[in-house]
Each structure stands twice: as structure tokens, then as C-alpha cells.
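Remarks on the structure that follows.
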Amino acid sequence: MAGEIQNPIIRVRDITVQFGATRVLDGLNLDVKRGEILGFVGPSGAGKSVLTRTIIGLVPKVAGSIEVFGVDLDSSNTSQRRNVERRWGVLFQQGALFSSLTVRQNIQFPMREYLRVSQRLMDEITMAKLTMVGLKPEVADRFPSELSGGMIKRVALARALSLDPDLVFLDEPTSGLDPIGAGDFDELVRTLQRTLGLTVFMVTHDLDSLYTACDRIAVLGNGKIIAAGSIADMQASQHPWLRQYFHGKRARAVMG
Amino acid sequence: MSSDPKLERIAKGNALALCATGTWTASFAPVLERMVADAEKLAGSPQSIFIDVSEVAKLDTFGAWLIERLRRSLTHGAVEAQIAGLSANYSSLVDEVRRVRATPVVETSTVTITGMLEQIGRAVAGVGGTVAGLIDMLGAVLAAGFRVLIHPRSFRLTSTVHHMEQVCWRAVPIIVLITFLIGCIIAQQGIFHFRRFGADIFVVDMLGVLVLREIGVLLVAIMVAGRSGSAYTAELGSMKMREEIDALRTMGFDPIEVLVLPRMLALVLALPILAFLGAMAALYGGGLVAWLYGGVDPEAFLLRLRDAISIDHFIVGIVKAPVMAAVIGIVACVEGLAVQGSAESLGQHTTASVVKGIFFVIVMDGVFAIFFASIGM
């Protein structure tokens, strides 16, 4: 475990993903360092969500290897895989809350499965998580269909954090939120990263998030990472898509 | 790296220190809770207490909360328990946890006799609502039908044909197979029991009347309710869940006209066709068994069948089919549009759609039986 500290928390090597004849990811390499917030951008349909889903194991890959916490997910056995899954949390684009369970039950679902914790402690931790993601305790007994879009994202984040993971995947966490809500969410991710020592892998389109929340940015294009580095590196890049992205009308507005 | 957590009591002069060591994480939660509960008994002692967490190797939300819980229960009146030796890494986590308001959890779901009685009462009162909902939908469908008659160009032919394929064409194999088997079974049972009276040949009368008047259409209607009624409810229900129906409405389309009418029409056309095919398959199956098992050769079977049944029997059967189709369709669409946001609700309404569909089909069959008996058909 000592080596884990120097090694990247996610190490993706030469992965190729294909749907029929279309090659979505083509020999992609990516490292995510411990404790950082990595923003992952790219044009719509470039395969950002596909990469996320491939790392999590929801999409099969044709070639390449993925290591998370130093465990190669292909050669790992079930218990090793379980162990890795227990240490990551995933926030899906639409929240993916279980619609027939209340907010409280949604957050407690992973705890019930993986931990042996008393009901009292579970309830208290649920309240703590809700407070952390900026929700009032009153929402605990509501069903997902009774929540607003922003609340769904927050509850989904609380569920993703319920086991105190070391790594969270956020798939477009601020999409569908108003600018103030999105700003709060970025702030929240920052705070949680500080307090819980999280590593965050964030797929986003939100320039504000990139500027305020992310330590490092990786850009996906043509099935590969075309650039990775700090926001300054991105702005200095001469790649045409990056130039358009970081020097377009909206980018200038953000930079003010 | 992970070591068992401990909470040691060390007296330091007038004060008492609770020294937390080891790994304070979720995996040790039961041990931690027990230790904290133990330490909470110290509450009320006049000594000032501080919780020393400088030796904690690892802390997560669970551990931080338990320390906070301990701090709160040891704090009373003027004596405030302090947390000492907090490393910079964990101080923000502990601060975060400190903000949590301890709200008592109220469990509301308790099963009582009054609660059960209330549920029964609500269910009974709900029957009226169900019937009203069905009549409401019938009216809406008819109104949409008249609108389409006046403006034939708004009729959705493609959609109707698509649903015809789904509920009629694709249903043919299973419907024919099952009615064929039922025909075989009726003939076999008839021959087996009638043979004792030497009345083998009357099995043809029984088969003809039963299949054409009752079994053919009833069986097919029940199968269609299970097969297509459930599909309609699930389709409309998931569209409702994803706000697709609201989207249609905002674009100025009437969901009844766009979604319900083509489905209803497809079903009303499909059921008579399926009932006819089913009746033929059942007669064929019965004839086959009568020949192979009962020794009634096909020629004799057909002759007897011609004597035994008239066109009236066939009409009585087939007239029921479109009405039953309408009932199944209306029930399915009402249930589909009543789906709420959750997956559970979708399941409940799909179940209700099939159960109510079959129930109303049988009720309708009874009503028809009385009607035809009183007009002498």
C-alpha cells in the first residue's frame, strides 16, 4: 500500500473501446493523481462518458488495461474488485437514484450492503452527508420524484459519498443546474475534496467548474487525450479545438 | 496500516483525557460505537473532559461523527468537552460534522388496525374513482376519434399500423398455439367422458359451441390483456415518468390522439382477427384429437359440426371481441397515464392493468351472456 501514494490512483493504458465499427476510444492513456480534481472535457460525443463508464466497468473495452488503486481490474478476482468498488463513488448524469426508495434509504443502501453499522449511526451519518451536500434534513423522507434537479444531484452525491470513498466519478455534475447552484456545487466538491481527501474525476462542460474547481484538466479528442495540464496550459495550447473552447465567447465571459 | 481503534481514559490532574488511537473508520463502526457508548457514561462527572485525537491514524465521516457524538453527550451545562490534538488534515472534516444538527428520526410506518381499516376504506372508495377514470378515458378516446373523423389528415396511420404489427401480427403464433392446445384438451376430455355414454360424436357439438361462443374469444382476450395491455401500460407509464407526455402536450399535441387512439384502434381491430384465428386453431386441434384419439374421421367431424353450429354462434363470439379489446385498451391506457415517478409505481400499475383488464373482460363476457340469452341467440 505504500507504493500507492506515489502511483496514480487511476492508471489507464492504451484502452480501445469500439461500438460496432465505430472506434470511440483509440489507445487512450490517462493518469489521475491522488487527491486532485481532474476536469475532463471534450466535444459532445467524443466519448467522455464512455471513458468514465469503461473505467467503472460498465462498458467493455477491446484492448488496454485499467488500474484503480493499483489493482488491475481485468486480472483482479471478485473480492479485489469488490474492494475497489467499495472505495469509489459514482455520480451519474441523471442522478440514478433508486426511484422507489426515499432519500434516506438511497443514501443508506450502500452502507447496509457493505458495513455493519447500527441503524442509529446510519441515520446520523445520513444526516451528516445531507448537511455536507447542503441539503436540509427534511428531505430525507422524500422520494426522488419529489425533488428538484439540483436536489437530485446533491442526493446522488451524498449517496456516492456514503461509504467515504477515496475516489469519486462525477458525470456532468453541474449540468442542468442554475449558475448559482452550479457554483455552489463546485464549491461543495472543493470542500469535500479538502475535508475527505477525495480524488475527483469530473466530466464536465462547465467552464466555470474548470476554472474554479479543477486542479488539472484533460481534453479528449479523436479517441485520445489531446492535452492534459493546468488551466494555464490549456489556454496556451495551440490546438484548434482548445483554442475555440478556451478563447470562445463564453470562455471570455467566464474569465471576465 | 489499519490498527484496531482504542479509546483510553487517562487522568491528568483534575481533568480526564480520552485518548483515541488507531483507525476510526466505517469498517470498525461496531467497535467504535460500543466504545463511545461506554465513554458516554462518564457524562455528569464534575471533571472536565477532553478528547485527544492526536494519535488517530485514520479518520472518516463515521469516525468523526462518533467523536462528535461523544463530545456532544459529554457536554452538559457549563462543562464542555473539548476535542484536542486535531491534525490539520482532519480538522475541516470534524468542523463539517459539527455543523450537523441532530434531528431525531421519526419512523412513521406503523401497522395498526385502524391503519388497515383505513386502507380498506380507501380501496373501496377508490373503486368509484377507477370506474370514473375508465369512463373519462372512454369519453376522451371517443372525442379524439370524432376529431380525427372530421380532420382525417390528423389520423396517425403509421403509428396504428406499427401497433397492429405489435399486438396482432406478432401475437399470432402464441395465440394459435395456445388455442390449438386448448381445442385438443377440450376434445380429449369430451371424448373421454362422453364415451361412457356412447355419445362420442357429441364432442363435436360441445367443441363447436364452446369454442365459437365462449372459449375462443375469452381466452384470446385474456391473453391479449396479459400480452398487449401490460405493454401499453409500461410504454405509456415510462413515457409519463420521463415527461415525454408533458412534452407532447406543450407542443400542442393531444396525448390521447397521438398515443392512445392508435393503440386503441390497433387493439380493437386486432382482437376480432386473433379471436377468429384462435377459434379456427381450436377447432382444428379438437378435430385432430377427435380423429386420432376418438376415431371420428374428418369428414364425419365436419358434417356433424355443420349440423351442430349455426352462424349465430360465430356472431355471438366475434361481436364480443372489439368490445373486450376496447375495455382492455382503456384500462391499460388509464393505468399507464396514472404512473407516478418511481419504478415501483410503474410495476404496480402494470400489474393493475392486467388484473383489471382480465376482470373487466370476464365481467363483459357475463353481461353479453345475459344479453344474448334474453334476445334468444
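Positions of Cβ are set from backbone N, Cα and C atoms, glycine also.
As recorded in TrEMBL:
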DOMAIN    B:32-127  domain 'STAS'
TRANSMEM  B:123-149  transmembrane segment
TRANSMEM  B:169-187  transmembrane segment
TRANSMEM  B:199-225  transmembrane segment
TRANSMEM  B:264-293  transmembrane segment
TRANSMEM  B:314-338  transmembrane segment
TRANSMEM  B:358-376  transmembrane segment
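Spatially, the transmembrane segment (B:314-338) is not adjacent to the transmembrane segment (B:169-187); fewer than three Cβ-Cβ distances between them are under 8 Å for residues at least 6 apart in sequence. When Cβ-Cβ distances below 8 Å are used as the criterion, the transmembrane segment (B:358-376) is approached by residues 214, 217-218, 221-222, 225-226, 316, 319-320, 323-324, 327-328, 331 of the same chain, each at least six residues removed from its ends. Nonlocal intrachain contacts for the transmembrane segment (B:169-187), taken as residues 6+ away from its ends with a CB within less than 8 angstroms of a stretch CB, comprise 203, 206-207, 210-211, 215-216, 219-220, 223-224, 227-228, 270, 274, 277-279, 281-290, 293-294. Under DSSP, residues within the domain 'STAS' (B:32-127) fall into helix, strand and coil as 49 helix, 16 strand, 31 coil.
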